[in-house]
Amino acid sequence: MANYFNTLNLRQQLAQLGKCRFMQREEFADGCNVLKGKKVVIVGCGAQGLNQGLNMRDSGLDISYALRKAAITEKRASWQKATDNGFAVGTYEELIPTADLVLNLTPDKQHSDVVKTVMPLMKQGAALGYSHGFNVVEEGQQIRADITVVMVAPKCPGTEVREEYKRGFGVPTLIAVHPENDPKGEGMAIAKAWASATGGDRAGVLESSFVAEVKSDLMGEQTILCGMLQAGSLLCYDKLVAEGTDPAYAGKLIQFGWETITEALKQGGISLMMDRLSNPAKLRAFELSEQLKTLMRPLFEKHMDDIIAGEFSRGMMADWAEDDAKLFGWREETGKSAFENAPAFAGKIAEQEYFDNGVVMVAMVKAGVELAFETMVASGIYEESAYYESLHELPLIANTVARKRLYEMNVVISDTAEYGNYLFANAAVPLLREHFMPTLKAGDLGASKAEGQSVDNLALLAANEATRNHPIEKIGQVLRGYMKDMKRIAVGG
C-alpha cells in the first residue's frame, strides 16, 4: 500500500490539509437519528472503543462488539470489559455481516489486519468508521468502493469522552469523510450522527479531513502534548536535584506541576497561565519562552516535515516489523530515569507554589504550545485544528502525568503517540541540556526569588500584548466559548 497523502498532487494536498470548518449547533438538530435502528459493531474494546460504545448505547443506538475468536474463548481483557458492561459480544464472522456501521477502534498497528479481515465480511453499502486516520492516510489502505468511510475523532483520551458525556457535556471532536469512499453521499450524515451519539456536538465539532486530522494529530502528540512534557520532566527534575532540592519535593513539583499550570491554560489560554505569575516572574517566563522558541523551532519544523513527507510513518512501521524493538527500548529507558524513580513526597504543595517555583515550566508550556501551533499553521493546517492538537489537549495529557508520572502518560496514549514522543524527547533533551538549562537563573526553577524586584512597565506591556495577540489566543477565545461547561480535571496535591 502506498502513502495516500503522497499520491495526491500539491493542490489536493493543500486542500485536504486546509479542510476545517467549525460546525454550527443547528447542524446537529437531528442528533443520532440517522443511526437509530441500525446495527453498529465496534472492533476493539480499549479506551476509545469501550467509552464511545457506552456513550452511543446511552444515546439509544444498538451497539455490539466483534472480537477475535481467541479473545472470546480465552476471556481476555477486551471480552471482559465488553461483557462486564452488558454488551453483546461475538466473533467477526457472527457480527460483521449484518452490521450497518463497523467502527475500527483498535490500535493503529492493528488497523491493516483488522480491515483486511472485516472488509470481505461487510455487506454491500455498509460504512466503516475510524477515530484516527493513520491507516487510510499513512498506510494507504484501499477500501472496497461500495463502503462509506468516515471518521469521528474525539480530541481527548477515551476516559474523558465518557466522563464528559455522563456530565451531560462532551469533548471537542473532528469529523471527516474519506473523499475516495462516499459512494452514496451519506458519509457526512453518518459522521454527524456518530459524533452526536458520543456527545461531541455539545462541545464543538470541526468538519475536517482524514489528512488534516492525521498530520495535525501526529504533530501535536510528538511535540507539545507528550514530547515536551517528557523532555521537560526529565530535565527539570535533574536540574532541581543537582542544585540540592529534596528529590521527593522535586518529583512532586514536576509530577503535579504540569497539571496545575495547564489547568489555567485550559480555562483561559496562555494569557491566564502567565497571569498566575508575579510580574517579574511573568517577564522572565516570557523571556525564557522566546529563548526556547528560537532554540527549538528547527526541531519542531523537522518533526512537521517528516510527518508531512511520511518519513515518520515509514520509520515507525519499520519498527512494527521489528516487533517494536525501538519503542520497547525507549520505554525501558524512561522507566529507569531518575524522575520516574523519585521518592514520594508526603508534604503539601500549595497551588500557587507550582507557579512560583515552576517559572521555567510555564515558559516550556508557552513555547511548546505556540511553536506547535505556528508550525502546523505554516504547513497548511487551519488554526482551529492546530488549536485542538496543541493547547486544548495538553491539560488532559498533563493529568496523566499527575497520576503516575511518565509511565501513566505513555500507557494512556497510543503506541503511535508514544513512539513519536520518544523520537522528539530523545532529540530535545540533549539540545536543551546543553544550550538552555545552563542559562537558568535563581528563581527560574525551585525556590522563587525574594520579592522587591523592579519591573519595567514597557517591557511588561509588550510581553502582555505579544502573549494576548498571538493567533492561538484569538482562536482559543472563540473555541473555548463553545466549552463553557469545562470541568476542572486537576487531581492536585
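The backbone N, Cα and C atoms fix where each Cβ goes, glycine too.
Neighbours of HIS132 (active site), defined as other CB atoms within 10 A of its CB across all chains, total 24. What Swiss-Prot lists as active site is HIS132.
Among the features that Swiss-Prot reports, NADP(+) binding site is placed at CYS45, GLY46, ALA47, GLN48, ARG68, ARG76, SER78, ASP108, LYS109, GLN110, GLY158. Its own atom aside, the Cβ of ALA47 (NADP(+) binding site) has 19 Cβ atoms within 10 angstroms in the protein chains shown.
For GLU389 (Mg(2+) 2 binding site), the same-chain residues lying six or more positions away in sequence with a CB closer than 8 A to its CB are LYS155, SER216, ASP217, MET219, GLY220, GLU221, LEU225, ALA372, MET376. Secondary structure at GLU389 (Mg(2+) 2 binding site), taken from DSSP and collapsed to helix, strand or coil, is helix. Per Swiss-Prot, Mg(2+) 2 binding site is recorded for ASP217, GLU389, GLU393, and the stated evidence type is sequence analysis.
According to its DSSP assignment, ASP217 (Mg(2+) 2 binding site) is helical. Residues or ranges marked as Mg(2+) 1 binding site by Swiss-Prot on the basis of sequence analysis: ASP217, GLU221.
Taken from Swiss-Prot, the feature substrate binding site covers SER414. If you take the C-beta of SER414 (substrate binding site) and look for same-chain residues 6 or more apart in sequence within under 8 angstroms, you find PRO107, ASP108, HIS132, GLU221. Under DSSP, SER414 (substrate binding site) is assigned to coil, being neither helix nor strand in the three-state scheme.
Summarising the annotation, Swiss-Prot assigns domain 'KARI N-terminal Rossmann' to 15-208 and lists sequence analysis as the type of evidence.
The annotation domain 'KARI C-terminal knotted 1' is assigned in Swiss-Prot to 209-344 on the grounds of sequence analysis.
The domain 'KARI C-terminal knotted 2' annotation in Swiss-Prot covers 345-486.
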Binding-site residues: ARG68, LYS109 - member with fewest neighbouring CB atoms within 10 Å: ARG68
Secondary-structure category, per DSSP, in which LYS109 (NADP(+) binding site) falls: helix
Inter-residue Cα distance where the pair is GLU393 (Mg(2+) 2 binding site) and SER78 (NADP(+) binding site), in Å: 26
Three-state composition of the domain 'KARI C-terminal knotted 1' (209-344), taking helix and strand from DSSP: 114 helix, 0 strand, 22 coil
Protein Cβ atoms within 10 Å of CYS45 (NADP(+) binding site), excluding its own: 27
